[in-house]
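*Asks:* The annotation domain 'L-asparaginase N-terminal' is assigned in TrEMBL to 3-188. The active site, O-isoaspartyl threonine intermediate annotation in TrEMBL covers Thr12. Marked as active site by TrEMBL: Thr12, Thr85. The annotation substrate binding site is assigned in TrEMBL to Ser52, Thr85, Asp86. As annotated by TrEMBL, domain 'Asparaginase/glutaminase C-terminal' applies to 206-320.
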Amino acid sequence: MSKIKLLTTGGTIAMSHDASTGKVDRPTNDVLSGWLNGEIEVVSEDVCNKSSPQMTLTELNALLRAVRDSLANPEIDGVVVTHGTDTLEETAYFLDLQLPWGKPVIVTGAMKASNDAGTDGPVNLMSAVYAAASGNARSRGVLVVMQDQIHAARYVTKTHTSSLLAFQSPESGPIGWVRNGKAEFRYSMEPAASYEDAAVLSLGSVFLVKAVLDMGADWLEFALSKGAEGIVLEAFGQGNVPPSLLPGIERAIAAGIPVVLVSRCIGGEPQGTYAYEGGGAMLTELGVVFARGLNGPKARLKLAVLLASKKNAAEIKAAFE
Ligand SMILES: NC(=O)C[C@H](N)C(=O)O
């Protein structure tokens, strides 16, 4: 019999709808207990009970520790984490960056509260447990299971505010499915570097600045004035920013603050194509690092992990490119 550790953190999957207020705001973890029996034993532990917008680095590090402890237990075959969906992709990727590849680690959540008609919590949880107990889910990095689809933490993102199919991987699609109680994979995952010694002590020091039309220099200046240790730019299209940001970018790089660029587009990768003022070619020359295959929030987490691992500028560049 497989033994799976279920680590709960809260989120809608652990909430019920209050008919008197019409709001979903009273987390209980009741929905998570006692319904899965048979070939898989599930032992659960509450790490916290928060809506995912309320998650902080404190909870992320507590969760990372709990997952590591579970993986180190020879009796445990895999781990499932339940989480609110709003920041699920960030937590899943934070774990992915710092866990060794081996036993399956699956993150899941729910778009509907536990007592909503057609709630997706039980089926998502059941599929996640099946995936965690599937030997072929080993060594694929942290996975996100929603609606029987298996996504890589690296690529998955929440694309819709309410649809049960909110979680998509725009570049790769799902890498597998849970069918008949087993994980099946269409793609293997290239092993990614794992920063197991990172010990991230701050996320607030890495700023994410989104490029918007006719923005002022002050957005970036604000980050620099607040002691930013790293900057992620969510740039236009193939990797271009308004010229107003150029002085701040130059100043950051001169001061040894890494500036990493991702695209605001949900698909494709940024490249140094355009040579006009603020274009990607110019940014490359300035020393901006172009990140491959990550969105802004995930690039921010990766930069925080790299800085916590004391990587130098060349190592940071290599890690993103
Ligand atoms: N569906 C959800 O879980 C959304 C909720 N606001 C959360 O992220 O905690």
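Every residue, even glycine, has its Cβ placed from backbone N, Cα and C.
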*Asks:* What other residues of this chain sit with their CB within 8 A of the center of the CB atoms of Ser52, Thr85, Asp86, the recorded substrate site?
*Replies:* Gly11, Thr12, Ser51, Pro53, His83, Gly84, Thr87, Leu88, Gly109, Lys158
*Asks:* Which of the three DSSP states, helix, strand or coil, fits Ser52 (substrate binding site)?
*Replies:* helix
*Asks:* Out of these recorded positions, Thr12, Ser52, Thr85, which one has the fewest other C-beta atoms within 10 Å of its own C-beta?
*Replies:* Ser52
*Asks:* For the domain 'Asparaginase/glutaminase C-terminal' (206-320), DSSP counts of helix, strand and coil?
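*Replies:* When I sort the residues of the domain 'Asparaginase/glutaminase C-terminal' (206-320) into the three classes, I find 48 helix, 20 strand, 47 coil.
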*Asks:* For the domain 'Asparaginase/glutaminase C-terminal' (206-320), would you mind checking the mean pLDDT of the predicted model?
*Replies:* 96
*Asks:* Including all protein chains displayed, how many Cβ atoms other than that of Asp86 (substrate binding site) lie within 10 Å of its Cβ?
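*Replies:* A 10 Å sphere around the Cβ of Asp86 (substrate binding site) contains 17 other Cβ atoms.
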